[in-house]
Amino acid sequence: MQLSSYHDVIKAAERLEGFANRTPVFTSRTLDAETGAQVFIKCENLQRTGSFKFRGAFNALSRFDEAQRKAGVVAFSSGNHAQGIALAARLLQMPATIVMPTDAPAAKVAATREYGATVVFYDRITEDREQIGRTLAEQHGMTLIPSYDHPDVLAGQGTAAKELLEFTGPLDALFVGLGGGGMLSGTALATRALSPDCLLYGVEPEAGNDGQRSFQTGSIVHIDTPATIADGAQTQHLGNHTFPIIRENVNDILTVSDAELVESMRFFMQRMKMVVEPTGCLGLAALRNLKQQFRGQRVGIIVTGGNVDIEKYASLLKG
């Protein structure tokens, strides 16, 4: 298996031009004072569909041939990849079917349907979404695009870090949320090309530390679906495409608690007036845990998404 390279990220950026938002990079005096660092926040919560996932989805679908476009695409997702695929399919004028868990946030399900996709539900505790997706693909001749373990998907995700580093110049450290590894592996390709000395950290919820364990042992660790408010990181294992890139290019994998995610959600709302979903807060929570470790340095965070039900959001912030 040939691993993806930074060249693939560059080509993905060319395909995304005119379709994906070049999301803003914000700063916060409050956060700089708290950490002692100069912190740059890449806001993928302001991406189309409210998440970085649109980047990888559009890049993958844009490479379909005419027969694939006619047959359509099938994907399985807890929400953000679903919306990314649904919108990309609409823009490229192809049918899309999305396999989503029964407990997926209602806002994500509604948005997926509004983009024109057909939604098929599964029970994430008792059913295998990958098998359901493969079966649908075989039955209807559709192409299956996984949410992270695909070279075109991870290359597309890497364009967010490419934009960040082209804006900031070299960074001393960069914090990125970790679920299946699409964003982290794509970010690693861009970071090693544009800021080779940058310390790159993946961040997982404590309950879903399969990535950390995989990184420590050198082989992919499988776990049960983790119980965490970070629904975008409720993955059971890293991917065959993502893990080798992570193993070779990431400095460490950190974990944070759900309580720390809520505190970071509160920070984004109170200090930066931004709605960020729990998974999108992984990077900030990890940086804040490290206190003043990066005093005097330039640090980046990628906020991966802002799709969260209003009721759940209010409930979490109330505590």
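For all residues, glycine too, the Cβ spot is worked out from N, Cα and C.
Swiss-Prot annotates G179, G180, G181, G182, M183, T304 as pyridoxal 5'-phosphate-binding residues; of N80, N249, N251, the candidate listed for that same site is N80. According to its DSSP assignment, T304 (pyridoxal 5'-phosphate binding site) is coil. In sequence order, F52, K53, S147, Y148, Q157, G177, L178, L184, G232, A233, T235 are the same-chain residues whose CB sits within 8 A of the CB centroid of N80, G179, G180, G181, G182, M183, T304, the residues recorded for pyridoxal 5'-phosphate being left out. Note: the Cα of T304 (pyridoxal 5'-phosphate binding site) and the Cα of K53 (N6-(pyridoxal phosphate)lysine) are spaced 8 Å from each other.
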